[in-house]
Structure formats: structure tokens, C-alpha cells
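Colleague: Quick one: this structure, given as C-alpha cells, is what I'll be asking you about.
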Amino acid sequence: MSGTSSDSRPQGREPVPHGERAKAVGHIVFNLALLGIAVMMFVHAGGLPSSAWEPIGSGSFPRLMLALLALLSVLMIIKEAAKLRHTSALPSGSVGDWVWRHRLAFGVLGLFTLYAIAMPLVGFRWATLPFVLACQVLLGARRPRQLAIAAAIALFMSVGLDALFRHVFTISLPRGALL
Amino acid sequence: MADFFLQALGQVSSPSVLALIIIGVLFGIIGGSIPGFTVTMAILVVFPFTFAMDPVSGVSLMVGVFVGGYSGGIVSGVMLGIPGTPSSITTVYDGYPMAQKGEPGRALGIGVAASFIGTLISVAVLVFFGPLIASFSMNFRPWEITALIVFALTLVAGLSNGALLKGLLAAALGLLITTVGYDRNSNLRFDFGIPALGSGFEILPVMIGIFAFSQLMGNLEKLRDDQGKAKGVDTNVTIPYGRIAKDMAGQKLNTLRSALIGSLVGALPGTGGTVANFISYDQAKKFSRQPETFGTGTPSGIVASEASNSAVAGGAFVPTLALGIPGDLPMAIMMGVLILHGITPGPLMFEQNPILVGAIYASLLIGAVIMVLCQLLLVRWFAKISLIPQEVLVPVVLMLCAIGSYALNNNLFDIWVLFVFGVIGYLLWKAEVPLTPLILGVVLGNNLERQLFRALELDDSWMTFLTRPLSALFLALAVASVIFSLYQDRKIQRNRQQAQVNDA
């Protein structure tokens with residue numbers, strides 16, 4: 001099982017072009033999003049009721065945290081924006097390269113989304129079996145022997161664990177609304 | 001306490017609990033030996049299996065994972081040259097060269113022996129200092145507890161290697177997460193239009209999502225980098241017991257010093273095994289008569305590394321049990337686990353749950369003995385298991401995370417909570433935001449708000465935080481930790497600029 005036959009390019013080792021600028025842009029976008037969320041929540045928390053006989057109202061603690069979060073986000077944006085001046089513009093296709101480098105992670109996250117959707121519908125066993133199998137195929141199990149091992153692992157992890165939780169730990173995993 | 005300890009020992013020595021400790025240690029070693037899996041992940045994966053257990057059984061199993069996990073990193077470190085956990089990085093410096101010289105069994109044996117002694121010494125530290133600090137902290141009032149939590153959070157944020165702002169941001173985010181749902185007066189604060197969020201987020205899916213997803217997705221980004229190294233590794237290892245006994249006889253001082261460093265570092269918030277590992281290795285090198293042999297396969301290097309990282313296990317329990325403030329990330333998760341079992345770590349735990357405290361001591365001791373036996377008898381198998389590829393590991397661990405989140409309350413919504421926080425955790429990890437302050441914020445958030453509220457209820461003046469000596473001391477330490485890390489940040493920045501100039 002240790003050998004993978006994936007035709008994917010090795011990840012993580014190739015030099016990222018204009019890495020510093022990409023990082024700075026990423027940080028700015030991330031902190032702007034965080035700042036936006038913090039401001040919206042801060043306004044919402046301002047409308048929460050305060051008690052006449054209590055020292056701090058419902059919104060006081062969250063507002064304290066949100067103000068701190070907003071302040072830190074602004075500081076981060078200022079810090080990262082200063083870096084933009086020292087780096088050159090990103091070449092075209094950078095975003096595509098970035099997405100390509102993260103395709104396995106995005107693929108697994110996509111499969112997990114399907115898994116979470118399928119679980120209430122078809123139950124733990126029949127959602128887990130294809131999820132574990134599909135993930136292994138996505139991540140490199142392609143040869144017949146690897147596929148056979150992947151199928152055995154998927155079967156054990158779905159049917160086997162379901163039985164273990166049900167009969168040994170007396171915890172019932174989802175059965176599925178459609179079954 | 002001795003009565004309670006004997007009572008706890010009786011419970012822990014029962015066949016069923018002993019079996020659980022053995023399973024925990026085995027799983028911990030396996031988890032620690034697989035590169036990219038880590039002790040924390042092992043704890044998270046085992047946790048759902050404890051739901052149906054009584055607290056002593058559940059905690060014993062988790063402690064077993066803890067002890068096994070800290071010693072497991074040595075297997076892949078020695079055999080593959082890849083640290084199984086970050087806390088065994090310096091083990092590779094000498095363990096791998098020794099294995100390359102044809103002595104993998106000697107390297108593993110020395111590491112296991114040092115781990116064992118390190119754990120024992122750290123348990124002694126825990127038994128001595130735990131109750132002492134707990135009885136001292138019994139006098140803490142809400143002002144002191146609030147200030148102590150603030151200090152712990154700033155300290156952890158400040159230790160985020162050159163990223164103070166990000167560390168503080170993560171801590172604030174963690175605290176904010178705990179404000180979702182209804183508050184103590186049944187006022188709905190935030191539910192984002194989702195009725196299921198009225199009761200707030202469950203700690204467990206949030207912690208698992210933030211930590212496990214970022215770790216696993218990070219592993220995927222470097223998939224295949226390490227696998228070439230794993231090919232052709234000879235896992236046939238024999239342990240030369242006589243040689244190891246002779247090696248260890250010459251390492252008494254080094255072992256003691258390293259174990260004490262590990263216990264001390266483990267007891268400090270936000271540090272953990274990785275920091276202990278480096279400090280201990282550095283100190284062993286400074287004290288050595290042959291510092292030039294470090295990095296070439298010397299027993300001293302392996303002892304320093306393994307005795308210190310294993311000693312973190314006992315040390316990290318000190319602030320968790322005595323103050324209710326976890327020392328590092330695995331301990332933050334462990335504290336979450338205790339809370340979910342209905343146990344609130346803190347000074348009162350020594351009075352209210354002495355048997356459980358005794359069970360933790362006993363499990364650590366028994367776990368250490370089992371760890372040595374398992375490592376020495378099964379090392380060949382652990383070496384084989386450490387070669388499990390990420391393509392198998394990632395889906396299996398994600399699936400176990402989903403079970404853990406669901407089985408807590410038999411609630412499918414928690415799987416979505418896991419997923420959303422998984423994506424958030426991955427994004428934060430990509431943005432190089434440290435995750436330990438965030439998880440600490442999630443674990444301590446409710447207590448911080450409760451204590452702040454109580455303090456202001458008793459005396460509505462914020463100045464009281466500064467007029468009470470201990471509270472003022474903790475706040476001063478919090479400010480000092482921020483100033484110190486600002487200084488560190490600038491130093492790191494200067495060094496980077498200097499390196500860039502030199503490269504040019």
C-alpha cells in the first residue's frame with residue numbers, strides 16, 4: 001500500500017512564484033473578511049438586551065471580543081499592505097496554479113461535503129463505504145491490488161465500525177431516512 | 001490523598017481498565033509513530049469510544065493514548081528520519097544517524113528507556129506540585145481567575161513564533177466562538193439564522209474540525225514528499241538490551257535534567273513537547289563533554305529528546321488539574337474531553353474528584369510500564385504501521401472525526417459544525433494563524449466570561465483587577481508576555497532581513 005500510482009505532480013516542493021505577494025494578498029483578503037464579519041456582529045451585539053441589575057449585558061463580552069478582533073484585523077491589514085509595495089505584481093495564472101496545488105485538499109473537502117449530505121439519507125454504513133473508497137482512489141490507490149485493499153478498508157470502516165459501535169459501545173450510528 | 005490513590009489504583013488495576021490502558025497506549029504509539037498524525041489527533045480519534053464509559057475508564061484510556069503518543073514519535077524518527085510528532089524532532093537528529101549506522105534497535109531502546117524514566121519523573125512532579133498549586137489556587141477569586149486566563153491566552157498567543165498579532169487574533173476568535181447561542185439570561189446572542197445554534201457550538205466538533213482538518217489537509221499538500229523515504233526501510237529490529245542498559249547507566253544526569261525540563265515546560269501554558277524537545281537537546285549539548293558528537297548518533301541526544309518530550313505528559317497535567325488551564329494543545333483537547341465527561345478540571349477537582357485525580361496518576365504510571373513493554377516487544381510492528389500511507393490515513397481519520405462529532409449527542413448537525421470549522425481551521429492554517437490559542441480560547445471562553453461577570457457582580461469597578469495583588473500580577477505578566485513577544489517578533493524580522501541581505 002505504500003506505493004502510490006497517482007499521476008499527480010509532487011506537491012509542496014515546487015517554488016511558489018511571487019510567494020510573498022501572494023501571501024500578503026491572501027492575508028489582506030482574509031482579514032478584510034474577518035473585519036467585515038466582526039463589524040456586522042458588533043452592530044448586532046449592540047442590540048442585545050442589557051440587565052438593569054447586572055454589571056454587564058448579554059452583548060458586552062462578545063462586543064469586547066469583536067472590538068479586539070476588528071482592531072487586530074485592521075493592524076494585520078496595515079502590516080500586510082506595507083509588504084505589497086516591496087513585491088511585484090502576481091503573474092497571470094497564479095490563482096490557477098494555487099488551485100492546482102491544492103486540488104487534493106479541495107477534492108477531499110468536496111467528498112466530505114457529499115458524505116455529510118449522504119449520511120442522514122443513506123445512513124452511516126452506506127455513506128462511509130463510498131466515501132472512504134473514493135478518498136483512497138482520489139489520493140492515489142489506482143492499481144488492482146491497491147483498489148482491493150482500499151475496498152477492504154472501506155468495508156471494515158463502514159460495516160465493521162457500525163457493528164462495533166452498535167453492539168459493543170451501544171451507540172447507534174445513523175441508519176438513514178431512505179433505508 | 002494516599003487513601004484515594006490506593007482506591008484509584010484498585011479501580012485502574014481492574015482487568016477491564018488495564019485492557020483499556022493497553023489499547024490506549026498501543027493506539028497512542030501507533031498514532032505517534034505515523035508521520036503527520038500526532039498525539040492530539042490520536043486523542044481526538046479515540047475520544048468517541050469513551051462516550052459509553054464511566055469517567056475512570058474513559059480517562060484511563062485517554063491517558064494511555066497520551067503516554068503512548070508522546071513515546072510513539074521515536075519509531076518513525078529512528079526508522080524513517082521523519083519525526084512522527086513535532087515533539088520528537090530532535091530525536092531524529094541522533095536516532096536516525098544511529099539507525100543508519102546499523103543500530104536502529106539501540107536507538108529505539110535508548111529512546112524508549114528515556115521515555116519511560118521521563119514519564120515516571122514527570123508523574124512525581126505532578127503528584128508533588130499538583131495538589132500544592134491546587135491548594136494555593138483555592139484562594140483565587142473571580143478577579144484572579146479572570147486575570148490568570150487572560151495571562152494564559154496572551155502567553156500562548158505570544159509564543160506563536162513571530163506572529164503575536166495572529167496569535168491574539170486566534171485567541172479572540174476562540175473566545176468569540178463560545179458566545180454563540182443563548183447566554184445565562186436566556187438572551188439569544190448569535191445563531192446566524194440556524195435554530196440548532198441556539199445552544200451554541202459543541203466544543204468537540206469545533207476542536208476536531210479546527211485541528212484535524214488543518215492537519216490532514218496540510219498532510220495532503222505535501223503528499224508523496226515523504227513516501228520515497230519510506231520505501232525500502234528495513235523494519236527488522238532487534239533490541240540489544242545489555243548495550244542499552246550500559247548506555248543508560250552513563251546518562252543519569254542527562255535523563256534527570258531532561259525530564260525536569262520536560263515537566264517544567266509541560267506545566268507552562270502554550271509550550272508543550274516541541275519546545276521541551278529543543279530546550280532539552282540544547283541544554284544536553286551545552287553540558288556535554290563532547291558536544292561535537294550531537295547530530296551524529298549519540299545516545300545523549302536521544303535521551304535528552306525522549307526523556308523531555310515524555311515528561312511533558314505529567315507536567316502538562318499540573319496546570320490543567322490544579323488551575324483548570326491546559327498547558328498545551330493535546331492537554332486543551334484533554335480538558336475538553338474531561339468537561340464533556342462532566343468533570344471540571346480546576347482546584348476543586350482535588351476535593352470533589354480525588355479518585356479521578358488518583359486514577360490519572362495511576363494510569364500515567366501503569367501506562368508508562370505498558371508503553372515500555374509494548375515498544376520493546378512490538379517495535380517491529382510499529383515500524384511497519386508507521387509506513388501507512390496518507391491515502392488510507394486521511395479518509396479513515398476524517399470518518400472517525402465524523403463519528404466522534406455525531407456520537408456526542410447523536411446529532412447530525414454536529415457533522416456540519418465539524419465541516420465548517422474544518423474549513424475555517426484549514427483557512428486559518430493557510431493564513432499561518434496559530435491554532436493553539438484558538439482552541440485554548442474555545443476551551444476557556446465560557447469560564448472567562450463567567451468569572452468576569454462574577455467579578456463585576458461582586459464589585460462593579462474594573463480597577464479592582466489592578467488593586468488585588470495576584471490579579472494585578474497576572475495582568476502585569478500578561479502585558480509583559482505581549483511586550484516580550486513583540487521584542488521577539490522584531491528580532492525574528494531583523495534576522496530574516498539580515499538573511500535576505502546575506503543571500504543577495
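Each Cβ is built from the backbone N, Cα and C atoms, and glycine gets one as well.
The domain 'DUF112' annotation in TrEMBL covers B:18-440. For B:20-47, B:59-82, B:107-133, B:145-172, B:192-214, B:329-349, B:355-379, B:391-409, B:415-444, B:465-487, the entry in TrEMBL reads transmembrane segment.
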Colleague: Determine whether the transmembrane segment (B:20-47) and the transmembrane segment (B:145-172) share at least three Cβ pairs under 8 Å, counting only pairs 6 or more apart in sequence.
Modeller: no
Colleague: Can at least 3 Cβ pairs under 8 A be found between the transmembrane segment (B:355-379) and the transmembrane segment (B:465-487), with each pair 6 or more apart in sequence?
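Modeller: No, the transmembrane segment (B:355-379) does not contact the transmembrane segment (B:465-487).
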Colleague: So what pLDDT does the domain 'DUF112' (B:18-440) average out to?
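Modeller: A mean pLDDT of 86 is what the model gives the domain 'DUF112' (B:18-440).
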